[in-house]
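First the structure, in the form of structure tokens, and then the observations on it.
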Amino acid sequence: MAMATCNLCAAALSTTSEASLQNGFYSSSCPQAEATVRNVTETIIGRNSTMAAAFMRLFFHDCFVRGCDASILLDQSSSNPSVEKKAITLRGFEAVDEIKAAVEKVCPGVVSCADILAFAARDTAVIQGGFPSFAMPSGRRDGLVSKFFDVFQAIPSPVMQLKDLVANFAAKGLNADDLVVLSGAHSFGQAHCSFAVCPPPGTDGGDPPLNNNRVTDPNKLSNQYYSNLLTGQVLFVSDQQLLNSTDTAARVANNSADPAAWMGRFAAALVKMGGIQVLTGTNGQVRKYCNAVNS
């Protein structure tokens, strides 16, 4: 089982070489980079376990909008008057700033915010999912542009039909298997009733948060999502859509039955997602602060 997991991870790592990312990119320029990100990420999740899902969601949103370039982290400014983070409710920006500050102390101006997001997502899988450690290729540079309306064109809706979900992922170079595997991230975190199938609202009439995973710990990343899906215990219409074809339904069943194999597939898909439209070489920049382009 463990060997299958490692083989799947290794197979995926080769797919990002085309995007000019490298394992151990900072081994000479900042050898403490990945360990520093891991230590601070673990500390943050230790303080508040809900931050694990927040880190994973930030990485997904960053990569699907303009590629994995940390554009999701930029604050409004004269050069970016209407930014991505204003288009959707996300958490974890201050936590990423905390990680970046720690990395800047050991290696000023070397490690990009885009790579910090990728490392934190990988570390989240290890810390809150019990995954074997796996390599996350790096060498991403930070983008200079963040646009509000790009979010609505790029992020899949929680009410999308299956054919549209597959097309959305295909536009990013991901396939139906990646769609099913990465949907396992819905095993942890919270959603709001405005995006999900919910019970009648409470007396306060608000938009209450619901745990994504109603069966096990909502702060643990696991393949429990697929068992929930098979028994109709998922929140999003888009989740339910994965049972609407023989192919994706079979993948759901496989992921439900074999947690170790799912871990390998998830790690591979996370690495693959991390290669979407990356900036490398002299493109972009390495931001000093993740919420602002360098002056």
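Just so you know, glycine gets a Cβ as well, placed from its N, Cα and C.
Sequence-distant neighbours of His61 (active site, proton acceptor): residues of the same chain at least 6 apart with a C-beta under 8 Å from its C-beta are Ile72, Glu84, Ile88, Leu90, Val151, Ile155. Among the features that TrEMBL reports, active site, proton acceptor is placed at His61.
Taken from TrEMBL, the feature Ca(2+) binding site applies to Asp62, Val65, Gly67, Asp69, Ser71.
Of all Cβ atoms in the protein chains displayed, 19 besides its own lie within 10 Å of the Cβ of Pro156 (substrate binding site). Among the features that TrEMBL reports, substrate binding site is placed at Pro156.
Among the features that TrEMBL reports, heme b binding site is placed at His186.
Positions annotated as disulfide bond by TrEMBL: Cys30-Cys107 (among others). Less than 8 angstroms from the CB of Cys30 (disulfide bond) sit Val103, Val106, Cys107, Val110, Val111, each of them six or more residues away in the same chain.
The feature disulfide bond is assigned by TrEMBL to Cys63-Cys68 (among others). Neighbour list (Cys63 (disulfide bond), Cβ cut-off 8 Å, at least 6 residues apart, same chain): Lys172, Met273, Gly274, Ile276, Gln277.
Around Cys113 (disulfide bond), taking its Cβ as the centre, 30 other Cβ atoms fall within 10 Å, counting all chains. Residues or ranges marked as disulfide bond by TrEMBL: Cys113-Cys290 (among others).
Annotation comment: TrEMBL describes 20-294 as domain 'Plant heme peroxidase family profile'.
Taken from TrEMBL, the feature site 'Transition state stabilizer' covers Arg57. In sequence order, Leu90, Arg91, Gly92, Ala185, Gly189 make up the list of same-chain residues 6 or more apart from Arg57 (site 'Transition state stabilizer') whose Cβ falls under 8 Å from its Cβ.
If you compare Cα positions, Cys68 (disulfide bond) sits closest to Asp62 out of the recorded positions Asp62, Cys113, Pro156, His186. Its Cβ taken as reference, Cys68 (disulfide bond) is surrounded by 31 other Cβ atoms within 10 Å in the chains shown. Long-range Cβ neighbours of Asp62 (Ca(2+) binding site) (same chain, at least 6 residues apart, Cβ-Cβ under 8 Å): Cys68, Asp69, Ala70, Ser71, Ile72, Leu73, Ala114, Leu117.
For Gly67 (Ca(2+) binding site), the nearest of the recorded positions by C-alpha distance turns out to be Cys113; the candidates were Cys113, His186, Cys290. Compute the center of the Cβ atoms of Asp62, Val65, Gly67, Asp69, Ser71, which mark the site for Ca(2+); besides them, the chain residues with Cβ within 8 Å of that center are Cys63, Phe64, Arg66, Cys68, Ala70, Ile72, Glu84, Ala114, Gly143, Ser146, Gln277. Taking the Cα of Pro156 (substrate binding site) as the reference point, the closest of the recorded positions Val65, Cys113, His186, Cys290 is Val65.
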